[in-house]
Every structure is written in C-alpha cells, then in structure tokens.
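Working notes, structure below.
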Amino acid sequence: MSKQNIDENVMPWVQVEGVYELFSYNDGFPVYLNTPSGLFFYYRDLTSQGGKVFTFGLKVTETFGVVGRLSNDFDPKTWLSSGSLNEKDLFGDVVKEWSYYSPLENTFKTVQGPPYVKAVCVDDEYFRCNSGKVYLNDIVTGSQAEILNDPRTDFFAKVPSIYMSIRPVFKHSRQEWYLYYRDGYWRVGSSYTGSRTDLLRTKDSAHRPEYVTSYWESWTNKGWTAGSGLRIKCRGIANGENKCYSKPCNDQGSCVYTADNETVCLCQDSTYGPYCENKDACSNPGVPANSIEVVHAGNRPGDISTSFCTKGYRSSPVEFYVCERDHGRKNWLLESKATCQVPPPITSGPIPPHTSAPAPGPFPYPTGNPEKIPSNKNPLDQSEGFMIFVIAFFACHILCPALIWLGIMLVKIVRSSQRSQPGSPERLKAVENTMQNRYMLMVRVYSIFMNFTFWVWLCAVCACLATSDGQTRSFPFYWAVTMCGVCAVFVIVEAFFSCERVALHNMVSWEYIKSLQLAPPSIVMVIDRYEWKHQRDAVYRTNPATGREEYQGSEDRWNKVGKKTVRQPFVYPSWCDESNLEVSENGRLFRLRIHIDITLDRTATESFEVQKSALIEKTRHLNRHFDFSRVDSVPNHHPYVVLYHKKDSVPFWMNEQFFWCSTFLQFSWIYRWLFVSQTNSVQFTLKKKVFSQSVYSKQTAFQQVYPAQAVPGAHDATIHDTDSADRPLLNNQQNPTNYLSV
C-alpha cells in the first residue's frame with residue numbers, strides 16, 4: 001500500500017508519504033509499516049473520546065500529526081470483507097475528512113477540499129530508492145527510430161542541491177533531459193526551469209519519482225497522449241544479472257531482484273547508496289529561530305523536515321528543509337520560502353481570548369478537535385463579492401468588445417450585400433473581402449476598449465492610493481495596477497501593426513504615384529515540391545467506468561514532408577499601365593490604400609502557361625507532388641500611404657513620432673481620430689496589363705484601346721519593351737540558356 005497525493009501546500013506533514021507493508025493487526029484492522037521512516041498506519045477506536053480514526057504513529061499507541069476521521073458506525077471487519085475495495089483509493093469511501101495537527105494552535109485542523117491523503121494498492125516493485133538513480137522502464141525512440149532511452153543502461157541521476165517544490169531534480173545519463181516536478185506534474189524535459197520542452201509528464205504529487213503511480217503522458221503532434229506501462233524505477237547495482245547471492249548490501253539492507261532484472265539494495269537504519277555503503281546522515285535539525293516546532297521522520301539525503309512558524313507570520317505557517325550534502329557535510333537545507341523570517345504584520349489590536357485567529361497561508365479554517373469539525377462548512381460562502389467582480393471584469397473586457405465587433409461585422413456584410421444581386425459573384429466577392437479583415441477589426445475594437453479601460457483602471461489606482469493611508473496595499477490596488485499594464489501593452493502592440501502607423505510611416509507626394517505607374521509589374525511563379533508521408537496514430541478513449549485510457553484503434557494521416565520551394569519570374573516583352581486616380585487638388589491629405597491588379601492578355605496567358613509547364617518540368621526531379629502559385633508585385637509598393645500635394649500642407653503633428661508619443665501616453669485613439677478627421681480615405685487600384693509581344697507601336701492606336709491617364713502629369717509612354725535579357729527563355733535566339741536545365 002502506498003500513501004500519496006500529499007500536497008505540501010495544504011498538508012504540511014509530508015513525512016507520512018511512502019510505501020507501507022502489512023506488519024500486524026490491531027482492533028481487527030491491519031497495521032502497515034513504512035520501513036524507511038518507521039511510521040505505522042493503523043486504525044484506532046476512540047469512540048469514548050469522540051470517534052474512530054485512521055492515524056499514523058511511531059508507535060501503535062501514538063499519533064504522528066495526521067488522522068483520517070471515520071464515521072461512528074464504521075466496522076473494520078465488515079469493511080475488509082465487503083469485497084468492493086477501490087485499489088486506486090482504498091479509504092476514499094470511509095474517510096470523512098483528513099486533519100493535521102498544528103503546534104501553534106495546539107489543535108487539529110481539517111483539510112478542506114479533495115482528499116489530500118490517498119492510499120493505493122501497489123506491487124512489490126514500489127519501494128524507496130536510496131541509490132540516487134532512477135530509470136524509465138521502457139525504450140523511448142526518436143523521430144528517426146533512434147533509441148533515446150534504453151532502460152538497461154540509461155538512468156536519471158540526482159542533481160545535487162537542486163529541488164523543485166522540495167522534490168529532487170534528476171538528469172539523464174545520456175540525453176539533455178531532466179526529471180523534475182512542477183505545477184502538480186512530474187515531467188521529463190530539456191529544462192527543469194520551464195515546461196515548454198517537456199516530452200513526458202504525469203499528474204502526480206509524489207515527493208519521490210519512484211512513488212509515482214499515475215499514468216504517464218507523451219507529447220505528440222496531437223498534444224498530450226496517454227500511454228500505459230511506463231514507470232520510474234530504482235536503478236540498483238546491476239541490470240540483467242542477479243547479484244543478490246553475493247550479499248552486496250554490506251549487511252545494511254536487503255537485496256531484491258526486480259521483475260525488470262534489476263538488483264537493488266533496500267537500505268535500513270539511515271544508510272543509503274547503491275550498496276548501502278554510506279552512513280553519514282544528517283543530525284537532528286533542531287528548532288530554527290522564529291519556529292515553534294520541527295518534525296521529521298528520517299535523516300537520510302532527501303528526507304524532509306517541517307518547521308512550524310511561531311505566531312504572527314502570515315505569508316505561510318511552515319518552512320521545509322531537506323537533508324542534503326552541502327560542502328562535503330550533511331545539512332538540512334531550506335528548500336522553501338523563508339516564511340518564518342518575515343516580520344509579523346501590523347494589527348489594529350490584540351485578538352480576543354478564546355477566539356480562533358484566521359490561519360495563515362494555505363490553512364484558512366482553524367478548527368478544534370477532529371470530532372468537533374463542522375462537516376457542512378462551505379469555503380465559498382464569503383466569495384459573492386469576488387464573483388461579482390470577476391463577472392463584471394469578464395463583461396467589460398471580453399464580452400462587450402466581442403458584441404461590438406459582431407455588430408460592426410453584420411453592418412459591413414449587409415452594406416456590401418445591398419450593392420449586388422443575391423447569389424451573384426459580386427456579392428460573394430464583397431462578403432469574402434469583408435470576412436478577410438475580420439480578425440484585424442476584432443483587434444482594433446479590443447484596442448479601443450483597452451485604451452478606454454486603461455483610464456478607468458488608472459482612476460481606480462488613484463482611488464486606492466488616496467484611501468490607503470499608508471497601510472498595506474489591498475488586492476484591488478494590485479489588480480488595478482496589473483490591468484493598467486495589460487491594457488497599455490495591448491494598445492502599444494496593436495498600434496505597431498495598425499494601418500495608421502503604416503500610413504504615417506509612408507508619407508508621399510504625387511511623384512510616388514507616378515513612379516508606381518512607371519514601374520514594371522513583377523510576376524513570380526512559385527512552385528512547392530513535396531512528398532506525402534503516411535502516419536498512423538493510435539486512438540484512445542477514457543473508459544467512464546474505470547477512468548483508464550483504452551485503445552480504440554488507429555487513424556491515418558498524410559503529412560507533407562521534404563518541402564522544397566523554387567521561385568522564377570515570369571518573363572514578358574511588354575506591358576502597359578491602366579490605373580486611373582482622380583482626386584481634386586484642394587490641398588487636403590489623403591489616406592490612400594493601394595491595391596495591385598495585374599492582368600495578362602490572351603497571348604500573355606498562353607505564354608504564362610508555357611513557362612509554368614516548363615518550370616514544373618524543370619523541378620520534377622525534386623519531389624513528386626507540387627503546389628503552384630503566383631505572386632504579383634510592383635517595386636516600391638506600399639499598401640497604406642498618406643498622399644499630399646505640397647509638403648507644407650502637412651500639419652506638424654502628423655508624423656510617426658507624434659503617433660508613438662501619443663500611443664505611449666495612452667492617447668493613441670484620440671490621435672488616430674484626429675488623424676482620420678484631417679484626411680480623406682481613398683481606394684486606388686494600380687492596374688497593369690502584360691503582353692507577350694510588342695503591340696501597338698503607335699501611341700494613338702494604343703490610346704483607342706486604353707483610356708489616357710487621369711493623374712496630373714502622368715507619363716505618356718504606357719508600353720514598355722523589355723531588353724533581350726528579359727525576354728522569354730523559350731524560343732529566344734538571343735538567349736541560348738536551356739530553360740529546362742537544372
């Protein structure tokens with residue numbers, strides 16, 4: 001039997017964790033013994049004193065800090081013969097509540113919430129590992145089928161003096177892997193300081209990895225996938241060979257040969273090491289300053305002692321120390337926050353006598369004796385105000401902007417639909433264009449709202465400062481400061497990607513439009529070559545009856561692999577500009593959005609298909625499958641610009657420097673409103689047409705087909721012939737390069 005699921009933030013008596021073996025019987029119930037610590041787990045009938053309990057103790061007549069209260073009608077003999085024991089939680093259906101002893105109040109406190117002590121059935125492969133090395137009992141392979149972990153030779157060795165939440169950290173013998181604990185999970189990853197590189201994990205709060213009984217999960221392309229059979233076991237003195245016949249444990253422990261063919265020494269009497277060869281244990285930890293009592297159940301490396309702080313320390317009522325080698329000596333090292341060193345808080349007056357003071361830290365409910373604990377206490381009875389605050393926050397920061405965004409989207413879709421017939425390509429195109437910008441519109445709406453709520457939270461900060469009178473800041477103050485920072489950062493980040501900033505960054509005159517009309521269009525053919533790779537993944541489902549992951553079958557997936565991209569420009573001999581921008585020269589500024597529309601005439605389309613086919617043939621040897629696309633562009637094209645007739649018509653404040661100054665001062669949207677009010681919004685399409693041969697040598701003939709440019713001072717020559725270097729590579733006598741060569 002294993003005692004586990006002990007959260008040190010809720011249950012400070014972590015020393016009771018471990019593997020307990022059947023020792024004897026008492027009051028008709030088994031007595032279990034944890035050999036490394038010498039603790040017994042047994043049943044006591046204290047009906048005359050208030051009830052029946054499960055408890056721990058160094059003797060069967062003593063109590064070591066933790067008790068599980070049972071119902072008064074509990075009969076151990078009837079329970080043992082019921083035949084319906086839950087191996088994953090043996091006493092979950094009979095223990096009403098768990099309590100622990102608090103030396104400061106000299107009373108027992110009830111643990112509120114889920115059961116923080118759980119007993120599970122385990123086999124004889126579970127025991128404390130004193131060698132300092134553990135291993136994964138299964139092979140782990142990489143993406144190329146290489147063996148990353150071999151259970152016969154690889155192992156995790158304990159990293160000296162490094163702990164995470166009073167749990168040791170281990171490093172793999174061959175890989176850059178760490179076995180560590182964080183946020184309720186034991187994990188295997190490339191770093192123990194963060195969980196983003198984790199490969200394996202299991203939700204288990206065991207204080208030693210060899211005590212983990214939960215199933216391990218592995219990271220795949222689909223996320224975390226539950227596995228089966230993977231366990232952390234103790235690395236002993238030999239694998240694949242039974243060496244117990246040679247009595248390798250120095251008469252300080254028993255030798256076992258496990259089911260995984262591992263020879264392991266189970267050390268006794270404070271000894272440790274692969275051969276139980278070390279005896280230099282930690283001394284008695286004593287009682288540190290500002291502590292009232294220290295408890296521990298062992299003094300070997302890795303053993304934990306709990307120090308209970310004296311009265312008045314509110315950050316946490318306990319400190320944890322771990323027995324560890326420090327500069328060649330065994331010492332108790334502090335592996336938690338130094339809470340007992342924090343000075344007591346300022347109080348308005350003494351606590352009245354015979355009144356339970358609110359307990360600090362994770363123990364918010366002081367109680368009397370276990371039998372006097374009220375069973376109907378709801379810890380959330382006083383949280384209505386906080387829940388109202390949370391709902392209001394959610395409505396103001398998330399729900400309202402989302403509703404405004406949905407309303408704007410509906411209006412845009414309705415307006416775009418009214419301009420065309422139902423079901424027509426024009427309506428479908430208009431709706432598609434509206435939907436393409438939906439996410440950017442959402443971000444802009446949230447940015448406006450965040451900019452407004454920043455000032456609301458800033459007023460809340462000022463109100464807290466005005467009413468605090470120099471006392472400790474309250475939760476609303478820190479929350480308001482945090483929200484001010486979040487809102488400010490969100491607005492600044494959104495401003496960097498805003499179209500207003502891009503337009504202010506590109507303030508141009510009419511000469512810029514002329515240069516775009518004179519610039520030749522660029523058409524690039526892009527081909528992505530790849531192969532399809534078949535992948536079969538196992539599918540599991542959770543059995544609602546047992547809660548275990550069961551194999552259901554497999555599903556097939558096809559992934560693109562070996563992708564190779566080739567880009568090649570489309571070569572053409574001539575082109576013309578068909579764009580037309582008509583605006584009045586009244587001295588106003590224009591917010592100009594420039595689109596590109598490059599078309600090909602019939603012969604140019606045929607030439608494009610020929611060059612496309614040649615490119616496909618040219619890259620055939622790279623991979624079998626391909627995707628083809630076309631990228632149109634014009635040199636020096638900016639999608640958003642501010643267009644002016646004369647430089648002196650631009651106000652002094654209309655530039656990117658003023659934009660950023662107002663943004664950092666959280667006047668971003670006021671500045672943008674002023675900027676929009678002083679400019680006109682214009683859509684301009686830069687149209688280019690490409691030909692496959694030199695056409696219309698006479699300008700008059702060309703102007704009969706394409707209207708003259710309306711831009712003031714527009715160029716006269718609208719057709720541009722390319723030189724021989726730009727002519728098609730097929731059927732070009734002046735360019736001997738083989739277009740199909742690799």
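Backbone N, Cα and C atoms are what each Cβ position is placed from, and that goes for glycine too.
Annotated domain 'EGF-like' per TrEMBL: 240-277, in sequence order. Residues 35, 124-125, 127-133, 137, 151-152, 233-234, 298-301 of the same chain lie 6 or more positions beyond the ends of the domain 'EGF-like' (240-277) yet place their CB under 8 Å from a CB of it.
Look at TrEMBL and you will find C267-C276 tagged as disulfide bond. All chains included, 23 other C-beta atoms sit within 10 angstroms of the C-beta of C276 (disulfide bond).
The feature transmembrane segment is assigned by TrEMBL to 386-411 (among others).
The transmembrane segment annotation in TrEMBL covers 445-466 (among others).
Residues annotated as transmembrane segment in TrEMBL: 478-497 (among others). Residues of the same chain lying 6 or more positions beyond the ends of the transmembrane segment (478-497) and with a Cβ under 8 Å from any Cβ of it are 443-444, 446-447, 450-451, 453-454, 457-458, 460-461, 464, 659-660, 663-664, 666, 668.
Residues annotated as region 'Disordered' in TrEMBL: 722-742.
Positions annotated as compositional bias 'Polar residues' by TrEMBL: 730-742.
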Notebook entry, point to check: Over the domain 'EGF-like' (240-277), what is the model's average pLDDT?
Noted result: 89
Notebook entry, point to check: By DSSP, how many residues in the domain 'EGF-like' (240-277) are helix, how many strand, and how many coil?
Noted result: 3 helix, 12 strand, 23 coil
Notebook entry, point to check: For C267 (disulfide bond), which residues of its chain lie six or more apart in sequence with Cβ-Cβ distance below 8 Å?
Noted result: N130, C249, Q252, G253, G273, C276, R300
